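Colleague: Just dropping this structure here.
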Amino acid sequence: MGKNEQKDPNVYFFVPNLIGFTRVFLVLISLYFMSWHPNYCTIVYLYSSLLDAFDGWAARKLHQATNFGAILDMVTDRCATSCLLCFLCAAYPKYAIIFQLLVSLDLASHYMHMYSTLHQGASSHKTVTKKHNWMLRLYYGNNKVLFIFCAANEMFFVALYLLSFTPRTPPKLGYLPVPSFIYSTGELPLSYPTLLAVLCGPICLAKQIINVVQLVNAANALVKMDVEQRRAAKKLQ
């Protein structure tokens, strides 16, 4: 190797990717605690989610944005949320089909959106243009909006996770009588998880609407690409 030749950098050891690997490790730890220690699980899970904001910042700050890092980030998000929703299926069997649909919607919408944007020549699945729906432009075009929606979405599911455990001590605010289809015991504890669920629930619902819009937008883009390819093929015949 000549003196002027430089060795290719090891992308795996870029700072944003190391943060990504740390997130994966923390998610695995949270899964270990998930069924029997909600406090440990919640702390580790939320710490992993918090790091999601730092890997992107590090990538921009250190000029270490990579294709691998972008995919690692998205896959980690999808897998972590899916694992939590799988637990909620067992914790709330009456609503299992809802959580199953949420997992399916989350995976399908993000995969199809990524596939369509990259096939249209975009450098990232977060790249949106005027052709995209206004909701997607607002969602992906503003990092603060993206963070709020993603954080509230995760916090709502975490709140449901915490509520699935019987509190060791009675909540200071007492209990609220509710129908059994809302809470199995008929008495909803007025605790921090309850307040968190109430605050984050509407944003979580909006996030699911965005996922539907994202799915439809990606499907339309892929169909348009198919039509254009078939037209081009006919011209060559």
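The backbone N, Cα and C atoms fix where each Cβ goes, glycine too.
Among the features that Swiss-Prot reports, topological domain 'Cytoplasmic' is placed at 1-12, 63-71, 116-144, 207-237, with the record citing similarity to another entry. Taken from Swiss-Prot, the feature transmembrane segment covers 13-33, 42-62, 72-92, 95-115, 145-165, 186-206. Per Swiss-Prot, topological domain 'Lumenal' is recorded for 34-41, 166-185, and the stated evidence type is similarity to another entry. According to Swiss-Prot, the Mg(2+) 1 binding site annotation covers D52, D55, D73. Feature annotation from Swiss-Prot assigns CDP-1,2-diacyl-sn-glycerol binding site to G56, R60, T66. Under the heading active site, proton acceptor, Swiss-Prot lists D77.
What's the neighbourhood like for each of these?
Modeller: In this model, the topological domain 'Cytoplasmic' (1-12) carries an average pLDDT of 76.
Within the chain carrying the topological domain 'Lumenal' (34-41), a Cβ under 8 angstroms from the stretch's Cβ atoms is held by residues 83-84, 87, 161-162, 165, all 6 or more beyond its ends.
Sequence-distant contacts of the transmembrane segment (42-62) (same chain, six or more residues past either end, CB-CB distance under 8 Å): 14-17, 19-20, 22-23, 26-27, 29-30, 33, 69, 73, 76-77, 80, 84, 143, 147, 150-151, 154, 158, 161-162.
Long-range Cβ neighbours of D73 (Mg(2+) 1 binding site) (same chain, at least 6 residues apart, Cβ-Cβ under 8 Å): G20, D52, D55, G56.
The secondary structure of R60 (CDP-1,2-diacyl-sn-glycerol binding site), as reduced to three states from DSSP, is helical.
Residues 11-12, 14-17, 20, 55, 124-125 of the same chain lie 6 or more positions beyond the ends of the topological domain 'Cytoplasmic' (63-71) yet place their CB under 8 Å from a CB of it.
Sequence-distant contacts of the transmembrane segment (72-92) (same chain, six or more residues past either end, CB-CB distance under 8 Å): 17, 20-21, 23-24, 27, 30-31, 34-35, 45, 48-49, 52, 55-56, 99-100, 102-103, 106-107, 110, 114, 125, 150, 153-154, 157-158, 160-161, 164.
Contacts of D77 (active site, proton acceptor) defined by a Cβ separation under 8 A and a same-chain sequence distance of 6+ are given as D52, C150, in order along the sequence.
Residues 74, 78, 81-82, 85-86, 88-89, 125, 208, 211-212, 214-215, 217-219, 222 of the same chain, all 6+ positions outside the transmembrane segment (95-115), place their C-beta atoms under 8 angstroms from a C-beta of that stretch.
Through the fold, the transmembrane segment (186-206) approaches residues 148-149, 152-153, 155-160, 162-163, 167, 170-171, 173-180 of its own chain, all at least 6 residues removed from its boundaries and within a Cβ separation under 8 Å.
Helix, strand and coil content of the topological domain 'Cytoplasmic' (207-237), in residues and according to DSSP, is 30 helix, 0 strand, 1 coil.
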Colleague: Around G56 (CDP-1,2-diacyl-sn-glycerol binding site), how many other C-beta atoms are within 10 angstroms of its C-beta?
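Modeller: Result for G56 (CDP-1,2-diacyl-sn-glycerol binding site): 19 other Cβ atoms within 10 Å.
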Colleague: Summarise the topological domain 'Lumenal' (166-185) by DSSP state, stating how many residues are helix, strand and coil.
Modeller: 0 helix, 3 strand, 17 coil
Colleague: For the topological domain 'Lumenal' (34-41), give the DSSP counts of helix residues, strand residues and coil residues.
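Modeller: Helix (H, G, I), strand (E, B), coil: 5 helix, 0 strand, 3 coil.
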Colleague: Let me make sure I understand the structure: which of the binding-site residues listed (D52, D55) has the fewest other Cβ atoms within 10 A of its Cβ?
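Modeller: Each of the binding-site residues D52, D55 was scored; lowest Cβ tally within 10 Å is D52.
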Colleague: Can you name every residue in this chain, apart from G56, R60, T66, with its Cβ inside 8 Å of the center of the Cβ atoms of the recorded CDP-1,2-diacyl-sn-glycerol site?
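Modeller: Apart from G56, R60, T66, the close residues are P16, D55, W57, A58, A59, Q64, A65, G69, A70.
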